[in-house]
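Heads up: the structure comes next, in structure tokens.
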Amino acid sequence: MSEQPRNGESAPAPEPEELREQVEHTREELGATVEALAAKADVKAQAKEKAAEIREQAAAKAAHASDQLRDKAAHAAERVRDKTPEPVRDKAAHAAAHLRDGAARAGHLAAEKTPEPLREKAGTAATKARANRAPLIAAGAVGLALLVILRHSHSHSHSHSRSRSHGRCWRR
């Protein structure tokens with residue numbers, strides 16, 4: 001591996017220290033090569049890394065979609081609230097208060113007859129529901145407003161059809 005002198009003389013033998021350095025350098029290169037090959041061959045580790053990357057991307061997309069849905073729901077609730085007449089909103093608020101009172105009474109009755117471990121789990125669920133109260137209230141208000149509007153339009157269409165058919169009967 002060492003060069004031969006051109007004049008035909010043999011090259012001096014490398015010093016032991018120089019040989020040790022060459023051996024050490026070769027070992028380091030060989031170790032790095034083995035590590036690189038092992039990393040390429042470790043399919044399980046690569047799959048785990050890829051799965052973690054995909055999980056992170058999915059979580060980010062889900063959070064973004066959730067934020068968009070929350071914004072759209074809030075906007076829709078605001079539009080319904082703006083377009084709903086005051087008497088309908090008052091009725092909805094009164095009905096909601098009535099439902100809350102009934103639910104509270106039922107809750108107290110159930111709490112009296114429920115074992116302690118189950119009561120603790122229910123308390124945790126109630127805390128989570130209270131933390132996300134706005135979307136629940138908005139959805140309830142939208143549903144109630146739609147119900148009132150549909151019932152109102154349904155009752156008007158029936159009263160007009162009855163009076164028309166009734167009028168025809170008298171004319172015959």
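Backbone N, Cα and C atoms are what each Cβ position is placed from, and that goes for glycine too.
These come from TrEMBL:
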REGION    1-28  region 'Disordered'
COMPBIAS  17-28  compositional bias 'Basic and acidic residues'
REGION    41-127  region 'Disordered'
COMPBIAS  41-58  compositional bias 'Basic and acidic residues'
COMPBIAS  67-103  compositional bias 'Basic and acidic residues'
COMPBIAS  110-122  compositional bias 'Basic and acidic residues'
REGION    153-172  region 'Disordered'
Notebook entry, point to check: Excluding the flanking five residues on each side, which residues at least 6 beyond the ends of the compositional bias 'Basic and acidic residues' (17-28) place their CB within less than 8 Å of a CB in that stretch?
Noted result: none
Next item on the list: Please list, for the compositional bias 'Basic and acidic residues' (110-122), how many residues fall into helix, strand and coil according to DSSP.
Entry: 11 helix, 0 strand, 2 coil
